[in-house]
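Here Swiss-Prot flags 33-53, 77-98, 113-133, 178-198, 226-246, 288-308, 320-340, 347-367 as transmembrane segment, drawing on similarity to another entry. The heme b b562 binding site annotation in Swiss-Prot covers H83, H182 and is backed by similarity to another entry. Annotated heme b b566 binding site per Swiss-Prot: H97, H196, in sequence order, evidence recorded as similarity to another entry. Taken from Swiss-Prot, the feature ubiquinone binding site covers H201, and the record attributes it to similarity to another entry.
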Amino acid sequence: MINIRKTHPLMKIVNNAFIDLPAPSNISSWWNFGSLLGICLILQILTGLFLAMHYTSDTMTAFSSVTHICRDVNYGWIIRYMHANGASMFFICLFIHVGRGLYYGSYTFLETWNIGVILLFTVMATAFVGYVLPWGQMSFWGATVITNLLSAIPYIGTNLVEWIWGGFSVDKATLTRFFAFHFILPFIIAALAMVHLLFLHETGSNNPTGIPSDVDKIPFHPYYTIKDILGILFLFLFLMTLVLFAPDLLGDPDKYTPANPLNTPPHIKPEWYFLFAYAILRSIPNKLGGVLALVSSILILILMPFLHTSKQRSMMFRPFSQCLFWVLVADLLTLTWIGGQPVEYPFITIGQLASILYFLIILVLMPATSTIENNLLKW
């Protein structure tokens, strides 16, 4: 009997990607986060679609429409909080996924890695424009502050900002276009994710040892489908605990105050997942310098394959590099904490030191440590 799974043009693609895909036999739970990101994206698109059915992108009614969703729409409150906290889950999975790539040297798959960095930028852009939509105080002022950073670009900066705003300030035109961007970008992310997978399946997955695993492959289904389902269950457990018990734990109280252009909140800050980049931005007193540092903090990931000086791919057998990696993680957590603090002593100094350390570890210390390890192993 002909197996339709292996002959049908569409089924064949699914089969080669999720069923008969040869996968390394030793990949750990750190490899679960790719599939979790896919689930997060599907969840965000579905909850977002239902929210968009009731949302109005007008400055006069946006805040009221979000209130209406929570109060009057059947299960609107759970859809809204699943969407808001789903974004947090998305970024937790993203950061772990990128961290896994750094630790195990997955960045040597150049095309996959570069598309991953583009995906990271796109997801960050989507989250930013989405944060503006409820039109609370933090939405309005966050949009004003972050879009204003583009005015630091020499010569065209001011015109560029006014072009993005659609006027001389963040207003109705800005909200409408941000809603349009927020609707289209997830589908662009989905398309990019498919390209990401396409390039990954050209080379096959990396594994914790960083050694080619062609001699020892197992089919993706049932082994890793079961493993992924376990990860998905944990994801939903964590998400629904957050949604049902502490839906506003990760949010800012100012988003429950309607936007008021005449009243600036005491502390303008983005959602928690942008705080590390915000801290780097604030640690440089110059506007253009801050913007460049902000962009560089993410763009630096593109340099990772070229900064790899070790003879080994993974950090699994490199204890000094491992220590440095965890110092980098601690540094990013410090930056996240600093980003949420007011701009005053000692937070300014801590932020500046943490920002310098971030770039120092990636650009200097990691390549140097790898070279030292090579020499110690007489390679």
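Every residue, even glycine, has its Cβ placed from backbone N, Cα and C.
Positions of Swiss-Prot features highlighted on the structure.
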residue	record	CB count, 10 Å
H83	heme b b562 binding site	21
H97	heme b b566 binding site	20
H182	heme b b562 binding site	22
H196	heme b b566 binding site	21
H201	ubiquinone binding site	14
Using the alpha carbons only, what distance in Å do you get between H196 (heme b b566 binding site) and H83 (heme b b562 binding site) once rounded? 24
Would you say the transmembrane segment (113-133) and the transmembrane segment (226-246) are touching, if the rule is that at least three C-beta pairs must lie under 8 angstroms and be 6 or more residues apart? no
Can you tell me how far the Cα of H97 (heme b b566 binding site) sits from the Cα of H201 (ubiquinone binding site), in Å? 17
Who are the chain neighbours of the transmembrane segment (347-367) in space, where the CB to CB distance is under 8 Å and they lie at least 6 residues beyond its ends? 279-280, 282-284, 293, 296-297, 300, 303-304, 307-309, 321, 324-325, 327-328, 331-332, 334-335, 338-339, 341
State the residues, same chain only, that lie 6 or more residues beyond the ends of the transmembrane segment (77-98) and have a CB under 8 A from a CB inside it; answer 'none' if no residue qualifies. 30, 33-34, 36-37, 40-41, 43-44, 47-48, 50-51, 66, 69-71, 116, 120, 123, 127, 130, 235, 238-239, 242-244, 247, 250-251, 271-273, 301
Between the Cα atoms of the residue listed as 'ubiquinone binding site' and H83 (heme b b562 binding site), find the distance and write it as a whole number of Å. 30
Under a three-state reading of DSSP, tell me whether H83 (heme b b562 binding site) is helix, strand or coil. helix
